[in-house]
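J.: Before anything else, here's the structure in question.
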Amino acid sequence: SLVYMAPVMQRQEVVLLGFSLFILLWVGCCVGNDSVKFSDSVRDCVAEQGCTGRFWIYFTDKGHHLLSPDELQDLKTSIYDSIHPNSHKRRTKRTSEEVALDEKDFPVFAAYIEQISLLPGVRHSKTSKWLNSISVTLENDRILDIIAEFSFVKEIDVVRRYKRSPYLPTQKIVEVKSLENTMNYQYDGDLHYGESYEQLEVLGVPSLHLEGLTGHGVVVLILDSGFNLEHPAIRSMDIANQHDFVSDDDDVSDQNSDEIGSSDPEKHGTATLSTVGGIDDGKHYGPAFGATFLLGKTESMLIEDPIEEDYFIAAVEWGEELGTDVITASLGYQDWYSYNDKDGSSLIDRTIDIAVEDRGIVVVVSVGNEHTHNLGPGVPGDALRALSIGATYLDGDITYFSSQGPTIDGRYKPELSAPGYSIHVANWNWDAATEEDYVTMSGTSFSCPLAAGVVALLLESHPEWRPNDVHSALMTTASQASNPDNVYGWGVINATAANNYQVPSNPSHEHGVCDDFE
């Protein structure tokens, strides 16, 4: 990514503060909790006298004032030229301001990053251009006061850590089983859907396939755990790029050091990827099997490992830079935030809002699997501008586990529902020596990618539609559009009706979920 350096004068702060750091450590002073740059979360953390881990460092600016007019213009030109053509196209078509270039495209000022990183016990982790911040890991909380002394530091906050909602107990759902190869395939045109037919038929997807819609030309970013790219349903997919944000490499399988001890290697990501876009004629199709995919691994499969929010945020920005049109995230987190905090204001939620409002991306998320615990929607299921998806049985009834709203600020959640029980997915443990290539799984983790696949079909059919148009098309044509609630939202998706939706000539809303639906 593009970086630019500060003049030497900025390095003076490091020299001066280096002496302060020496004095601070020498006297063994503990960090104070009264800095105006500390968030309440940092103050609480410090008060517990165990404040180590990862922190967000927000900066006051991006260093433009240190550049000459010519240098700034050269930087703008370089950034503009580096933006992916599909990202340019999406912004022009699908944002209210037809954004070509804005402040969020500028890199975080490299000299600021360097000066923080030079401090002892500081390890730079992720960078967010959109938030103008970096995440860092600190070995000692005494360094927080030193960081706060930098004039270019605006605020310091804690990187939230989540625990993944546990997988649904198999004794409460359909047994995860191998599906026998049979001749009872479902045919529709030239596609042999196999046992994936019913979950698509509920949504009206086969009728759009008959019209020639496959998601072709649409880019979908899927955020999940690892992926088995050798599975028959996945190896024929168009996968343009991939990155592991946990290990910071381009291997999105789970055969890395971060997965040592995992009992479910590649389970979740493989299953959700096959759900949205798998292609294995005679056995399995996802709704958007003709789309192009970006794979972002944002969490470890180790159930006890916390998930850091900076992985998710970095992956969203990465996908936007590579031109994604749709984001599907079958991730639901409940730790850190109580129900009273679920108002769409978390950092993950805010990043989703930027993706929708400022970048024209349609974001589809799971509402969560926590209804039996009455925990409400998870994060990012409470996001303001995301389409949160609940899970139904194949007969259209809501499942026992699908999380329900409202959010604490009174919004309906989910927005929509789709099949999420006994869903035909790729078996993560598949190998060529066995015939156990597909299983069934349940959860909003699978209703989410089914819905995202429908979104890809709609964008192929209507490439000019903005996120609010997609939201309107789906929500006004769903099964209970006239009587929404916090169980189904606006109802089960009807892909055929949504595709026939007519966008008003003068819509009253600009972006995101329509004002009429809030």
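A Cβ is built for glycine as well, from the same backbone N, Cα and C atoms used for every other residue.
All annotation found in TrEMBL is predicted automatically rather than curated by experts.
In case it helps, TrEMBL gives these features for our protein:
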type: SIGNAL; residues: 1-32; note: signal peptide
type: DOMAIN; residues: 215-491; note: domain 'Peptidase S8/S53'
type: ACT_SITE; residues: ASP224; note: active site, charge relay system
type: REGION; residues: 245-272; note: region 'Disordered'
type: COMPBIAS; residues: 247-257; note: compositional bias 'Acidic residues'
type: ACT_SITE; residues: HIS268; note: active site, charge relay system
type: ACT_SITE; residues: SER445; note: active site, charge relay system
J.: Give me the Cα-Cα distance between SER445 (active site, charge relay system) and ASP224 (active site, charge relay system), rounded to a whole Å.
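T.: If we compare the Cα positions of SER445 (active site, charge relay system) and ASP224 (active site, charge relay system), the gap is 10 Å.
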J.: Neighbour count, 10 Å Cβ-Cβ cut-off, for SER445 (active site, charge relay system): what number do you get?
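T.: So the Cβ neighbour count for SER445 (active site, charge relay system) comes to 28.
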J.: Name the secondary structure element type, per DSSP in three states, that contains ASP224 (active site, charge relay system).
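T.: Where ASP224 (active site, charge relay system) sits, the three-state DSSP reduction gives strand.
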J.: Work out how many Å separate ASP224 (active site, charge relay system) and HIS268 (active site, charge relay system) at their Cα atoms, rounded off.
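T.: One finds 7 Å between the Cα atoms of these residues.
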J.: Mean pLDDT across the domain 'Peptidase S8/S53' (215-491), rounded to an integer, is what?
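T.: Reported value for the domain 'Peptidase S8/S53' (215-491) is a mean pLDDT of 88.
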J.: Across all chains shown, how many C-beta atoms besides its own are within 10 angstroms of the C-beta of ASP224 (active site, charge relay system)?
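T.: A count of 27.
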J.: Taking the Cβ of HIS268 (active site, charge relay system) as the centre, count every other Cβ atom within 10 Å, in any protein chain shown.
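T.: Total other Cβ atoms inside 10 Å, all chains included: 25.
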